Amino acid sequence: MGSTEDLDYPQIIVQYSNGFLISKVMFTACELGVFDLLLESGKPLSSDAIAAGLGASTMGMRRLLDACVGLKLLAVEMTQEGVLYRNTEISNVYLTKSSPKSQYHIMMYYSNTVYLCWQYLTDAVREGRNQYERAFGVSSKDPFGAMYRSDEEMLKFMAGQNSVWSICGRDVLAAFDLSPFRQIYDLGGGGGALAQECVSLYPNSTVTIYDLPKVVQVAKEQFVSPEERQITFHEGDFFNDSIPEAELYILSKILHDWDDDKCKQLLAKVYKACKPGGGVLLVESLLNEDKSGPVETQLYSMNMLVQTEGKERTAAEYSKLLEAAGFGVIQVKRTGKLYDAVLGRK
């Protein structure tokens with residue numbers, strides 16, 4: 001890395017300031033259906049054709065498309081008829097609704113929900129609490145009550161989480177050899193995408209998704225086919241209801257929602273229910289031990305501030321929570337991707 005004299009500080013500040021503009025361009029193109037239209041057309045289209053197909057103004061659409069080209073989400077072709085636009089591989093794979101790896105739903109959740117909470121980040125920093133009350137006029141005392149404040153919002157959140165696991169699930173489940181564990185409970189398993197990845201990777205296992213009754217109902221209706229024999233459901237609130245016995249418990253992006261006391265309470269219940277020789281797999285985005293990065297995890301921790309009661313943690317902090325609950329041998333695997341894995345054994 002060069003000296004500080006090599007850094008263009010004004011340019012860095014401009015880039016950081018433009019961050020929210022960049023994300024909004026991508027969110028808007030997704031919401032309007034730009035990438036879906038281009039995929040369905042099977043050929044490059046003019047800005048006028050795209051605007052007409054999506055019911056948008058020609059001037060506004062042309063500017064949006066050009067911005068997407070600058071972000072490498074679209075490519076252009078110069079023809080005798082004029083400029084034509086087409087998807088790039090990135091947009092075809094990750095931004096079209098029909099792709100198995102589509103991130104469309106998490107984009108919409110960020111655009112329509114997370115963004116509104118982040119408008120009050122200054123208040124969150126001052127007060128040290130989530131901002132659902134200011135953003136949506138609902139009580140901030142129960143984060144998931146606020147998060148699931150309507151059926152539509154719950155479905156949006158579940159679909160968004162499923163899209164994340166479509167690209168990250170296999171990485172965290174393959175971080176350790178989980179094949180010895182046949183009976184697995186996915187606590188807070190939501191829409192079931194991680195459970196589906198698990199039974200695909202470990203075909204001799206069964207996974208029970210443990211979640212709130214209304215979440216389980218939506219998962220059964222919308223996301224997990226009845227033909228998926230290796231996946232079952234258990235309705236309950238794992239803080240207030242009993243946790244059945246199992247060989248392995250998966251807590252994916254669960255502990256980061258809660259403060260240390262709540263985490264210790266939950267892990268103690270998991271330890272008590274866990275079969276001897278069993279374990280718990282934590283799936284979280286890990287901070288460096290000095291908390292100097294990764295920047296994505298630092299930003300996730302800010303998001304925990306505006307949306308939940310929790311925070312992102314270091315591997316040592318998660319290990320300490322596991323040890324306090326009674327778990328012994330603890331292993332940590334950084335995947336090099338968005339989420340990492342921590343395995344504690346009983």
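Placed from the backbone N, Cα and C atoms, the Cβ positions cover glycine too.
Taking the Cβ of H256 (active site, proton acceptor) as centre and 10 Å as the limit, one finds 23 other Cβ atoms among all the protein chains shown. Sequence annotations record features per position, and here TrEMBL assigns active site, proton acceptor to H256.
Summarising the annotation, TrEMBL assigns domain 'O-methyltransferase dimerisation' to 15-96. Helix first, then strand, then coil: DSSP counts for the domain 'O-methyltransferase dimerisation' (15-96) stand at 52 helix, 13 strand, 17 coil.
For 118-327, the entry in TrEMBL reads domain 'O-methyltransferase C-terminal'.
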